[in-house]
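Following: one structure in structure tokens, then a few remarks.
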């Protein structure tokens, strides 16, 4: 089975068995609903005809197909992301995660290839229409940009792999940096731009590698592929064993031709915009890094017997001279940079000598920094060549390819950072697929049985939370106070986290501790934590690099920090990385995610070999069983009623051009239950399954409080197919309506010209009669010229208007017939106006009649429910109100009374009871009922709008301070008996003024004003036997302070979509209210 949703039982054993069985049969991809699970095949997979399963003909097979109709494949998920972007206009992201060696990088290449290929084809009807509106020049420019961006992004892959990938124990081509590739699309779905964000390059690999691993590929490719002239210029020997940073047993990879890869990388560097000259400079600096790695130091003493460092051997000095020459730095200057630094103490420069160990650390720092700067320069150059105008970007698709979870024999600081980002990505997956989905079902009132799962937030807090003295914050603290003892750091960790179940202290005294990650327990060695977290790249080194005679070294070393920033302590590596991860998660959280979960089937990289226990462990760690449980019970699609109606309204006459129902929820039900709307039975295409609420068919839907839910993807596919078929019909209707409108405008203009022509004709005819009668002054013929001018104007209005089918017909008719037609049209327009007036009156009459019939049929219980606005029928207060305009959709709102939750915050009940018991005045009484509680804005005498909490009990009104919702503080309390009236405007604003006998007024802005007034009227009538006076005026008096009377004016502004207030002067506030 291609989808795990069809397994017999939801447990780990069945999931693992199905994955292993499919893998052994050659099916490495499996769906889990919309999630794709990929097991690394460690070989190229072929179709029956011998072609690769990633060939162009496979792209054609997946193009335009719905996800549920596709076989499991990365192309299927990429197609789903592209379709979602074009349909809904939302940014998409493809998150490819898994352990190191599980095939993430290769999968990301397949996904990007699919997206860049299909983006050149206009598939959606809306895209076709949009493309037709583009000029030929615009289309040509977009096509050229798409081709250019595709070439650059494709060329960037081998370049970044050469400089950012390396061989590890688990993977011959392991990504040692993270990248987030963003493809930017225009309105027709073409890739017109993009950029690459890179994260945490493993700089320490430049200096040292574990046994059996290699440095970055670029070094080996340089040594294998450089020409004879380049070797002489860069003084490179042919063997990697000549360099300390490369000399180990893993100098070559079986089956990999570094020389051929070097030629390919240089070709692709040209494709991404890096010239031959710039390439020469880059590889020259790589050579300098190699020679710097051969510089060794010995411990010695100066004339004052102070310990210092010196170059150890003649070979080491020769390496220093070669590195200095390649970097464009004087050899004595470079030696000085490595052996001492200048420190300003009390405004005097002091020379601080390094010992041999410190000198080696400084040398390593220069090598790491230079390589990182070169890598960042390459990424920036790629981004520069794929940027586009921001106004042309419509949406984007992001592809995340980041290092996988790592567990080695010795795990250093880099492994902690890598595993930390994987923990954060796992947390994002949990929150988006398990946690938020279940919370959404409960929030919408759907029947749902909670599914338990491990939330790894506790592990993330252990690593990053400063309040819990996490691993990173404690490391930064130790670095800041210069206490660089490994054992002291371990003691702090053990002291702070000994009771944390996810922290494992070492059983023996040593620089080790463990963390129980979601993917398993990992033991870390803190020996090099301090060196990795705090870079020893001093300002002296920065100045020396900027003074290089090599222009490229100066460019990559340019310090963009301000003077103030250079004086501050630079952020640690962990701080920079946490900031980058937070930015990445913010971007991912703003996109619609599509997950590809990669699994490593065996540790030996053997093709199609599988270790069942290893697969089971990864299935458990990735939470696939819990995800399967949620998918089996959950829904594939949810959308608020309003946007749902907006997208699909024209599929039904009950919702288009305007919904008949009074609420969007009822309109959604009317739409789905339209005759002829449904899902085709997959077993019998002639059978149409109608949409039914909470049914067992493919056309099942459920109604939440605010959202509509579809259980099966076939239902969404059916709606989208019908929408695509209906769009051309709607377009023709709109086009015809526009043509009719333009014709009416044209005929109106012709009528004016025709009237002027008749008037000119009358004048000319009268002048002709006068000339016959020899009337003095009638010899002039100006009126004849005017007559000809008016005739040409009328003729042009009638005969020479383009793009009008009516005018083409008029050109074939005689002038008299055209005038008669125009007269009949004007008469019909007049009659139509009268008809529309009668139609509007009939609609109002029908609404009132239906309302009367509905009210007569209501029972007493229903009448009571209506009075508290549960059914959206006008309440008694609404009828009494009369002149107050209502806000849109406010009649459907349910009265809750308590909008904060007095059960969650008992301080409010205590406050009511304190006043009731007489502790703050008044006699002792019974427990009072809460009538209303919510946050409001209180308006003071200076017109400032202050955040407050308005609480109304059965005897008092409370104005409470709202700084902390759980700790209310009294600002004002008055008894209901003293409330004389309330005042509001006639506009749909939210302002309400309460007038209190013998006290100043209370003016608040509250969205539940109807509910507040209804509660006050009902309580005052019941408790005191009088009716609360409600005043309406667009100019209200406001007694804000003793002896201070202010005015509030309200005006209606049709151009606004909300309300806004402004201060006219000290005594007047103006409130503009728009269409709300």
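Cβ coordinates come from backbone N, Cα and C, glycine included.
Per TrEMBL, the range carrying the annotation region 'Actin-binding' out of 581-603, 604-626, 627-649 is 581-603.
Counting residues of the region 'Actin-binding' (581-603) by DSSP class, helix then strand then coil, yields 9 helix, 8 strand, 6 coil.
In this view, residue 98 (ATP binding site) is surrounded by 24 other Cβ atoms within 10 Å of its Cβ, with every protein chain counted. A simple way to gauge crowding: the CB of residue 102 (ATP binding site) has 24 other CB atoms within 10 angstroms, across all the protein chains here.
Secondary structure from DSSP puts residue 104 (ATP binding site) in a helix.
Packing around residue 104 (ATP binding site) is summarised by its Cβ count: 27 other Cβ atoms lie within 10 angstroms of its Cβ, all protein chains included. For the ATP site, the Cβ centre of 98, 99, 100, 101, 102, 103, 104, 105 serves as reference, and the other residues of the chain with Cβ at most 8 Å from it are 40, 171, 404, 598, 600. Sequence-distant neighbours of residue 105 (ATP binding site) (same chain, six or more apart, CB under 8 Å from its CB) are 161, 165, 173, 175, 401, listed in sequence order. If you take the C-beta of residue 101 (ATP binding site) and look for same-chain residues 6 or more apart in sequence within under 8 angstroms, you find 40, 168, 170, 171, 174, 404, 600, 605.
Counted within 10 Å of its Cβ, the other Cβ atoms near residue 100 (ATP binding site) come to 23, all protein chains included.
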